[in-house]
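Per TrEMBL, the features are as follows:
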| type | residues | note |
| --- | --- | --- |
| TRANSMEM | 6-23 | transmembrane segment |
| DOMAIN | 8-93 | domain 'Prepilin peptidase A24 N-terminal' |
| TRANSMEM | 105-121 | transmembrane segment |
| DOMAIN | 110-211 | domain 'Prepilin type IV endopeptidase peptidase' |
| TRANSMEM | 127-145 | transmembrane segment |
| TRANSMEM | 152-170 | transmembrane segment |
| TRANSMEM | 190-216 | transmembrane segment |
| TRANSMEM | 228-245 | transmembrane segment |
């Protein structure tokens, strides 16, 4: 089925994203340097680079039969590959596109996969990478121009970003990072009014739920003073609101006149 091919395509992109996540800002090329085991330095063969399957076949370890050290491989690899593959399938199945409009599907996949890369890096480092953010900003600008309604979309996006900026400023970075304010502006511009307002509320609901469950299950390294990257909640809410745009548009109209 076409969905399987789309998932494989997304998983391959996810495999490349893993390279970017691990090598960005290290000075190491993400293209010209071959993949290797970070424990023993063994260069990986193509059989060890098949998205998801290689991890399962090697049982999550650097393969000793192939000259590896047997050290554990991070779960980040299959998780990122699976999530980007799933993202590709969801966008492929989205019914808002005209039949056969491959360009639109590729555009939105590129936009949301860039957003995914931003928040995956944020999750690892608690930093919103500026270069990746500007790439997503280009997608946001294209969508902003395509959608029209410039005044409402621009003003609402600015106000939402200003709200995040004040949270960062008055908390000294404890509640929110400045990068979150920049990301909020571009995600809001991408969605436009009133969907950006819906995404704002959903992101805080998701963040609150995540914090509640982390406290509930009493993780040893988590407390009320712990820092949680907010980027993943912004990205999840942005994609959810975009994907179910009709539902959230109607819901927003019930509360915003």
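In case you wondered, yes, glycine gets a Cβ from its N, Cα and C as well.
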Long-range neighbours of the transmembrane segment (105-121), counting only residues six or more past its ends (CB under 8 A): 10, 13, 17, 20-21, 24, 80, 83-84, 87-88, 91-92, 94, 97, 127-129, 132-133, 135-136, 139-140, 142-143, 183, 187, 190, 229, 231-232, 234-235, 238-239
DSSP-derived helix, strand and coil totals, residue by residue, for the domain 'Prepilin type IV endopeptidase peptidase' (110-211): 87 helix, 0 strand, 15 coil
Stretch contact, the transmembrane segment (190-216) with the transmembrane segment (6-23), Cβ-Cβ under 8 Å, 3+ pairs: no
Within the predicted model, mean pLDDT of the domain 'Prepilin peptidase A24 N-terminal' (8-93): 80
Residues of the parent chain within Cβ reach of the transmembrane segment (127-145), under 8 Å, 6 or more residues beyond its termini: 24-25, 107, 110-111, 114-115, 117-118, 121, 153-154, 177, 179-180, 182-183, 186-187, 189-190, 192, 231
Outside the transmembrane segment (6-23), six or more residues from its ends: residues with CB under 8 Å to it: 29-30, 33, 35, 38, 49, 51-52, 76-77, 80-89, 92, 109, 113, 116-117, 120-121, 124
For the transmembrane segment (228-245), distant same-chain residues with Cβ under 8 A (at least six beyond the ends): 87, 90, 94, 96, 112, 115-116, 118-119, 122-123, 126, 128, 176-177, 179-180, 183-184, 187, 190-191, 195, 198-200, 202-204, 206-207, 210-211, 214
